[in-house]
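Asker: Quick one: this structure, given as structure tokens, is what I'll be asking you about.
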Amino acid sequence: RNSTRTFAVATVALAATVSSLKIRDNNEASQEDVGSDPPHYEETSGEKTEASLHPYDTHNKMYYLQTFGHNTMDPVPKIDYYRNTGSVSGNKLNRPSLLEIHEQLAKVMERVANGESTAGDETTASKEEENKTGLVKFGWVKGVLVRCMLNIWGVMLFIRLSWIVGQAGIGLGVIIILLATMVTSITGLSTSAIATNGFVRGGGAYYLISRSLGPEFGGSIGLIFAFANAVAVAMYVVGFAETVVELLKESDTIMVDESNDIRIIGTITVVCLLGISVAGMEWEAKAQVILLVVLLIAIANFFIGTVIPTNNEKKARGFFNYQASIFAENFGPDFRGGEGFFSVFAIFFPAATGILAGANISGDLKDPQGAIPKGTMLAILITTVAYIGVAISSCVVRDATGNINDTVVSGMSCNGSSACNLGYDFSRCRNQPCDYGLMNNFQVMSMVSGFGPLITAGIFSATLSSALASLVSAPKVFQALCKDNVYKGLHFFAKGYGKNNEPIRGYVLTFVIAMAFILIAELNTIAPIISNFFLASYALINFSCFHASYAKSPGWRPAFRYYNMWVSLFGALLCCGVMFVINWWAALITYAIELFLYIYVTYKKPEVNWGSSTQALYYINALDSALALTAVEDHVKNFRPQCIVLTGAPMIRPALLDITHTFTKNNGLCICCEVYTGPRKLCVKEMNSGMAKKQAWLTKNKRKAFYAAVAADSFRDGVKSLLQASGLGRMKPNTLVIGFKKDWRNAAASQVENYVGVIHDAFDFELGMIIVRISQGFDITQVLQVQATCCLTHQKSFHIFFLISESTINTIQSMHMGEFNQKLLESSTQFKKKQGKGTIDIWWLFDDGGLTILIPYILTIRKKWKNCKLRIFTGGKANRIEEEKLVMASLLSKFRIKFADINIICDINMKPNKESWKFFEEMIEPYRLHESCKDITTAEKLKQETPWKITDAELEAFKEKVKPSLPFYICTYSYTVDQMLEVISKKM
């Protein structure tokens with residue numbers, strides 16, 4: 001209770017703090033009315049005239065509300081502020097910033113003074129929602145329960161369940177039903193959990209998987225699931241056509257032959273179903289209700305028929321009402337024709353695939369979060385009971401001749417045959433095929449029922465309703481996939497028509513696929529094809545639920561509580577196992593297709609962000625790894641340069657970023673940093689608005705780096721903040737990379753002081769220091785300005801400052817030379833190119849811990865620098881050149897660093913000649929104080945005003961340190977013939 005109270009107090013305190021940024025009329029507000037006069041929120045409806053408007057009106061159409069005793073413009077919590085950007089349930093509204101809150105009252109007053117409406121965007125959005133009429137939305141019964149029951153009670157119930165019981169027996173038949181129910185029940189629980197974790201749009205399984213696991217999994221399974229539904233249309237239509245052909249055969253009116261008649265009837269049927277689907281969801285829903293009524297009557301008719309006394313004709317066909325001997329005989333399995341448990345399961349399993357029929361039209365439901373769990377789970381329960389009831393009510397023997405004269409002859413031995421004990425001899429069915437019985441007659445339910453034509457009507461109802469549901473589901477799922485533009489080539493099918501956005505193009509595509517499989521005209525061939533596709537979808541739905549729970553994202557809080565992450569994982573593994581048991585090569589093909597689509601989507605990287613559990617798990621893994629890394633002590637073998645690069649905006653100094661990225665890519669941390677100086681409010685606003693764009697620039701240009709920015713009073717203070725606060729745990733920068741300040745002679749003294757101060761700060765914070773210099777400098781602002789001008793001339797509507805890339809830089813090369821510095825442009829891209837053969841000269845003059853030798857080595861193992869060799873320069877004595885070379889070669893060999901040559905510089909510590917010293921004195925002249933030439937008072941005053949200037953005493957103190965460096969610079973120029981890069985260790 002104490003912790004809860006603390007949190008509440010903290011929340012109130014925060015709200016009160018923000019609310020204290022009150023907006024008041026200075027002419028009417030006073031100290032006395034701060035606590036008593038109730039403040040207001042802006043109301044989004046209604047209008048006020050100028051005469052009636054009062055900033056503290058609390059009664060009539062108020063503009064503000066009272067929050068913690070302060071006048072505030074803060075908005076109250078509202079769902080529109082929390083919507084996804086692309087939400088179809090309403091427009092996403094943005095909360096006002098503090099600046100907007102400060103300015104809002106003035107805007108309202110001005111708008112009222114001008115006679116304008118004060119209703120905001122919220123009013124417009126709400127009115128648009130209210131004006132949306134004519135949409136057909138379904139409740140949980142009509143939208144989910146009815147559809148799922150009709151889809152599950154499909155062709156298998158009436159024309160295959162008897163054959164399944166004949167093959168597997170009642171015992172294994174019930175196990176097959178329960179195994180399928182286990183798969184679908186676990187999947188139903190997972191579906192319910194995902195569906196109740198936020199708003200559900202259209203797309204069914206695709207939407208649930210893609211929003212949970214991301215576009216890679218969703219895009220791959222979306223195509224497979226839509227295709228499986230399209231093939232399911234063919235399966236149900238073929239089941240319907242088989243029944244019609246059986247009727248035609250009984251009346252001896254076969255048109256061509258059985259197979260071709262199935263194709264003809266199937267084609268006509270699917271055309272009719274397509275017409276109903278295209279007519280709209282409202283007509284389709286009405287047809288579904290009628291079909292369900294017929295189906296329920298047919299099922300009841302079957303159970304009634306089992307208790308109606310049989311006649312001789314039905315006995316000859318194997319039906320003897322409820323008999324214990326028949327139940328016992330049919331209880332065990334009798335697999336024939338090469339069938340087995342899992343092959344029979346593969347044929348039955350599509351009967352259970354209707355559980356997503358409601359979820360597939362989630363976009364057409366009034367309340368998907370409530371309808372999908374309730375309707376799906378109840379449908380699974382009802383249909384499972386019905387399936388088991390039909391399987392147990394097996395009153396028919398496995399084989400029967402259909403001949404009423406095949407009765408038992410006196411003295412005949414029955415050998416345990418139940419039909420024989422009941423007076424009929426079907427023994428000849430052992431040697432020759434018979435036409436009746438569970439194993440031979442697919443129309444057993446019609447024979448057993450009280451009124452046969454009702455079963456036929458039930459078969460028609462079940463098959464047509466399932467086909468119709470699948471014909472609607474496939475285009476809806478496919479349309480959702482195409483709308484997300486995961487596969488850009490399929491965007492053509494995203495277009496919808498009519499008030500319900502019907503996917504007419506998807507209907508036509510589904511029709512074509514269904515027709516192709518109808519031509520197979522063999523139900524037992526089609527059924528296993530879609531079993532693996534549906535199982536793959538179910539596996540990913542279960543895995544999505546497990547993954548979302550495992551990622552422990554705060555956003556995962558489904559309203560449906562009756563699920564368990566480990567049960568979902570078991571369901572996913574069960575689905576995968578069943579896939580291989582049913583048909584191992586079909587499972588491999590399914591996974592191969594899914595893997596190919598996954599790789600394709602991953603490669604294409606669709607620009608979507610759905611807040612998937614994959615992203616959440618990335619964060620958890622990264623956090624765990626970072627925490628685990630903090631427990632690992634640093635070791636010299638694992639040292640790697642982790643750099644802060646003072647690029648400013650990364651596109652301003654691309655060459656500095658490129659050279660750093662070369663030795664940090666896939667090897668170390670790289671943070672591009674920018675310091676904003678100036679008025680704090682403007683700096684913070686500019687910094688916040690550019691953070692995402694500049695990080696996006698790095699990603700777009702394939703730079704594996706982070707972007708960080710700070711607002712500070714001075715450049716040096718900002719860099720200090722970055723040096724101290726950047727990084728996380730062991731992933732903390734250890735090296736500062738800056739460009740050489742090329743304009744140091746002409747720059748303001750404070751800028752030079754800040755620049756030199758940053759170098760000292762880096763050493764104070766124990767960071768390595770790399771200063772990079774190129775002939776033209778790094779700043780390419782001039783090039784960007786030229787390109788921006790060019791783009792404005794051509795009326796381009798994008799911000800080139802943030803979107804310039806290597807390809808766009810190259811386009812500038814065709815422009816007139818006078819418009820930009822060609823050399824600057826070329827130098828800005830020099831580290832993006834492959835470096836030719838040459839050397840990297842390393843002047844390893846002082847022992848700096850090895851950074852001077854490590855950076856060039858890392859460069860040489862990169863593809864662009866692999867043709868460059870290391871050439872080592874170091875100091876030594878003239879009389880020990882060979883010994884010094886051997887010592888250095890031995891050291892480098894211990895470091896396992898290859899080198900091309902070692903040069904010992906003997907005259908590095910020589911005194912400079914007069915010309916060199918004169919050049920040095922002229923260079924530092926503007927920065928000298930010359931206090932010895934002034935009186936004491938003036939000298940002290942100058943020291944206080946310009947503390948950065950060099951005093952005579954300081955110059956004298958450092959003269960001996962500076963003198964040996966001057967000949968060194970002259971010495972380096974004599975070795976620059978074929979060098980690609982020069983690396984020099986400096987003394988401080």
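Every residue gets a Cβ built from N, Cα and C, even glycine.
Given the structure is predicted, the values throughout are model-derived calculations rather than measurements.
Okay, these came from TrEMBL:
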COMPBIAS  39-53  compositional bias 'Basic and acidic residues'
DOMAIN    57-108  domain 'Amino acid permease N-terminal'
DOMAIN    143-644  domain 'Amino acid permease/ SLC12A'
DOMAIN    653-790  domain 'SLC12A transporter C-terminal'
DOMAIN    813-963  domain 'SLC12A transporter C-terminal'
REGION    25-53  region 'Disordered'
TRANSMEM  170-200  transmembrane segment
TRANSMEM  220-241  transmembrane segment
TRANSMEM  262-281  transmembrane segment
TRANSMEM  287-308  transmembrane segment
TRANSMEM  341-363  transmembrane segment
TRANSMEM  375-397  transmembrane segment
TRANSMEM  504-523  transmembrane segment
TRANSMEM  529-550  transmembrane segment
TRANSMEM  562-586  transmembrane segment
Asker: Which one of these stretches, 287-308, 341-363, 375-397, has the most C-beta pairs shorter than 8 Å to the transmembrane segment (529-550)?
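Answerer: The stretch with the most close Cβ contacts to the transmembrane segment (529-550) is 341-363.
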Asker: Select the range from 170-200, 341-363, 375-397, 504-523 that forms the most Cβ-Cβ pairs under 8 Å with the transmembrane segment (287-308).
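Answerer: Most Cβ pairs under 8 Å with the transmembrane segment (287-308) come from 375-397.
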Asker: May I ask which of the stretches 220-241, 341-363, 504-523 has the most CB pairs under 8 A with the transmembrane segment (375-397)?
Answerer: 341-363
Asker: Take a look at 170-200, 341-363, 562-586 and tell me which one has the most Cβ pairs under 8 Å to the transmembrane segment (220-241).
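Answerer: Result: 341-363.
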Asker: Near the transmembrane segment (562-586), which residues from the same chain, at least 6 beyond its ends, have a CB less than 8 A from one of its CBs?
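Answerer: Sequence-remote neighbours of the transmembrane segment (562-586) are 179, 182-183, 186-187, 189-190, 192-193, 342-343, 345-346, 349, 528-529, 531-532, 535-536, 538-540, 542-543, 545-546, 549-550.
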